[in-house]
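To keep things clear, I will list the structure first and then write my remarks on it.
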Amino acid sequence: MAKAECTPKWNTLALRNRKTCPTPEKSFQTTFTPVSKDKNSQTAGHLAGGDTQSSNGPSGQFLARESIESPSKVLLMLVAGLSFSTRLYMITEPPHVCWDETHFGKMGSYYINRTFFFDVHPPLGKMLIGLAGYMSGYDGTFPFIKPGDKYENQNYWGMRGFCATLGSFLPIFAYLIVLELSNSCTAAIIAATLLIFDTGCITISQYILLDPILMFFIMAAVLSMVKFNQQRYRSFSASWWLWLVLTGINLAGALGVKFVGLFVIILVGLNTIWDLWRLLGDMSLSLVDIAKHFLARAFALILLPVILYVTIFAVHFVVLNKSGPGDGFFSSAFQSRLIGNNLHNASMPEYLAFGSTVTIKNLRIAGGYLHSHWHLYPEGVGARQQQVTAYLHKDYNNLWVVHRQQDNNSQSGNPDLVRHGDIVRLEHKETTRNLHSHLHEAPLTKKHFQVTGYGINGTGDANDLWQVEVCGGRKGDPVKVLRSKVRFLHRATGCVLYSSGKTLPKWGWEQIEVTCSPYLKETPSSQWNIEDHINPKLPNISLSVLKPNFLEILLESHIVMFRGNSGLKPKDNEMNSKPWHWPINYQGLRFSGVNATEYRVYLLGNPVVWWINLASLGLYLTMVAVASIATQRGFSLEHSLVLVRGGGLLMLGWLLHYAPFFTMGRILYFHHYFPAMLFSSMLTGTKLYILIGLQPSHLALRKNFYLFHPLSYGMTGPLAHEPGSAMADLKWMDSWEF
């Protein structure tokens with residue numbers, strides 16, 4: 001069997017039309033290709049080489065594919081064997097909760113138990129983890145309280161094994177993607193080897209995490225896209241449709257696991273726009289043909305992913321139908337659909353009226369219920385009056401009675417409804433003190449005013465009066481239980497009742513600060529809704545008629561997830577990093593253990609892999625510049641189309657999965673870089689093939705994998721900076737803490 005490609009000669013220049021690869025098996029190479037000015041002869045959308053055929057015409061690549069088919073199958077089996085063996089090795093170690101397994105393992109348990117919870121990510125990854133646990137015999141009873149908790153007799157291996165299996169496909173996908181883009185088994189095996197022997201990729205694949213699931217769908221989407229690009233000469237054939245539809249399915253999967261799946265959607269979108277632009281310039285196609293191409297892509301890459309993404313949430317809502325720890329993050333109307341919640345199948349008056357006893361819930365994430373208790377603010381914290389807070393749990397001290405500005409105790413019959421613009425007094429049911437504000441500064445949010453409980457048995461002063469405002473309403477509109485968003489404007493100061501989200505000190509029982517904000521912009525922190533509503537003088541209705549429909553709960557879920565994502569804060573003693581740290585492998589992440597007596601696992605990339613990747617990113621730009629200048633002068637460098645087109649796609653993928661993190665205000669961690677690292681490794685494989693071939697990097701990778709493998713598979717004994725440590729010589733950077 002002939003070799004799959006010619007010997008790489010990056011520095012060899014040749015005149016146009018000169019050929020150095022005479023054998024038919026090598027005819028697919030882009031070596032010394034003439035520079036053409038005919039736009040139809042250059043298939044700009046073709047990412048793998050110089051196919052000059054029409055979109056509906058034959059391809060000259062069949063001979064090339066036959067020549068690499070047998071060796072590529074053998075190498076693919078080798079890649080698969082190494083990948084699965086390195087990921088599944090010691091999959092049950094350590095037998096305790098590691099890092100974020102405490103979150104995603106627990107969420108898998110919630111799916112098995114059908115208990116509703118809140119997470120900042122879409123549900124697909126957690127659903128698959130739960131399914132894997134259920135199928136492997138896990139019963140969903142392990143609490144996943146904190147890292148280090150022993151699994152004892154729990155069947156946790158199924159969830160770990162599922163994540164490791166998906167992680168094992170990443171080198172396989174990398175091999176197939178680079179093979180498609182370069183038609184080179186050598187380039188493909190280099191890319192796969194970089195990932196197989198990367199300690200970071202192994203570690204992040206071996207635990208109950210979303211990352212291997214996310215990266216599986218990202219790589220599957222890219223592979224489907226490049227496979228589809230190769231089918232352009234077989235438009236609307238079965239294989240053409242197969243890869244197009246698979247691209248859309250995997251896009252939905254990526255976004256269904258984490259919102260960063262949007263980055264691969266953008267990558268596929270840009271590729272599709274470029275492909276359609278190329279088709280528009282193909283004069284062999286009629287406008288009807290172009291319209292068919294457009295509609296096919298719109299269906300498979302837009303409509304189908306949207307349908308699948310929405311279906312993921314439909315399944316999520318159906319499965320999680322029991323009240324759980326996620327209830328309080330969502331609106332009262334949302335909670336009314338959950339079995340076991342006090343609002344489920346409850347009945348109460350539909351519209352708020354004077355004389356009603358109510359609970360009032362803030363609409364920000366974890367905003368809490370308006371709450372008071374007998375305790376006073378301490379000396380030196382505003383006026384020494386009764387505390388008013390927001391409490392995250394249902395409690396008798398959340399009850400308030402709605403009164404008129406001046407009660408008319410002789411009123412009989414049905415009470416008047418509370419409407420937009422009405423003035424009310426809110427009396428705390430347990431302590432009989434009125435909701436009150438004044439010009440004293442708030443305990444924590446110093447630019448806001450303090451809110452207290454004042455007076456007794458209905459007596460107070462003008463600072464107890466609040467004007468009801470229905471958001472989006474007009475004067476006279478009633479306040480609907482569960483559904484209306486309400487603000488309370490303080491009549492004396494003009495401020496608005498507000499939940500700051502800040503936790504009060506011990507004297508405030510670590511409840512949430514409630515203030516009166518002088519800033520009147522409508523925000524969830526200043527919006528409230530009536531949840532519980534008791535008024536024996538009004539007829540009750542079943543809350544089932546007030547339940548939100550599917551589109552409403554879908555929209556609310558996304559609003560809550562976006563707010564939660566932007567508000568993520570680092571945990572105590574947890575490492576976080578900056579995006580510029582990631583490509584240089586500056587700092588790892590502890591998955592397990594912190595001292596010499598514990599079983600330690602440390603997420604850190606293989607330094608050789610990561611630093612070669614870093615160098616290749618800069619080198620790529622230089623190589624493209626040289627190739628562009630040579631082409632402009634009438635020459636063509638060997639492999640230039642592979643470099644510019646295939647390499648350009650991978651470079652764009654790296655940028656899309658890395659650059660956006662510089663703009664994010666949320667807390668960031670080292671593991672966020674791994675999707676981008678996949679693209680940089682594939683790009684490195686392509687360039688190393690062009691420059692030096694396989695052997696030098698292959699030997700270095702195996703050696704460094706052997707040296708650093710304890711980071712992935714576990715280590716005990718002294719830390720690297722302590723005397724007698726076996727890892728001391730591997731602490732190449734002071735910021736590495738293993």
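Cβ atoms here come from the backbone N, Cα and C positions, even for glycine.
Over in TrEMBL, the protein carries these features:
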REGION    26-63  region 'Disordered'
TRANSMEM  172-197  transmembrane segment
TRANSMEM  209-228  transmembrane segment
TRANSMEM  240-273  transmembrane segment
TRANSMEM  294-319  transmembrane segment
DOMAIN    349-405  domain 'MIR'
DOMAIN    415-471  domain 'MIR'
DOMAIN    476-533  domain 'MIR'
TRANSMEM  608-630  transmembrane segment
TRANSMEM  642-661  transmembrane segment
TRANSMEM  673-694  transmembrane segment
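Below 8 angstroms of C-beta separation, residues 111, 114, 122-124, 127, 236, 241, 244-245, 247-249, 251-253, 255-256, 265, 268-269, 272, 275-276, 550, 553-554, 557 of the same chain, each at least six residues beyond the ends of the transmembrane segment (294-319), sit close to that stretch.
On the 0 to 100 pLDDT scale, the model's mean across the domain 'MIR' (349-405) is 91. Across the candidate stretches 172-197, 240-273, 608-630, 642-661, the maximum count of CB pairs under 8 A to the transmembrane segment (673-694) is reached by 172-197. When Cβ-Cβ distances below 8 Å are used as the criterion, the transmembrane segment (642-661) is approached by residues 30, 46-49, 178, 181-184, 187, 218, 222, 226, 260, 263-264, 266-267, 270-271, 579, 582-583, 617, 620, 623-624, 627-628, 668, 672-673, 675-676, 679-680, 682-683, 686-687, 690 of the same chain, each at least six residues removed from its ends.
Shown for the domain 'MIR' (476-533): DSSP residue counts in helix, strand and coil, namely 6 helix, 27 strand, 25 coil.
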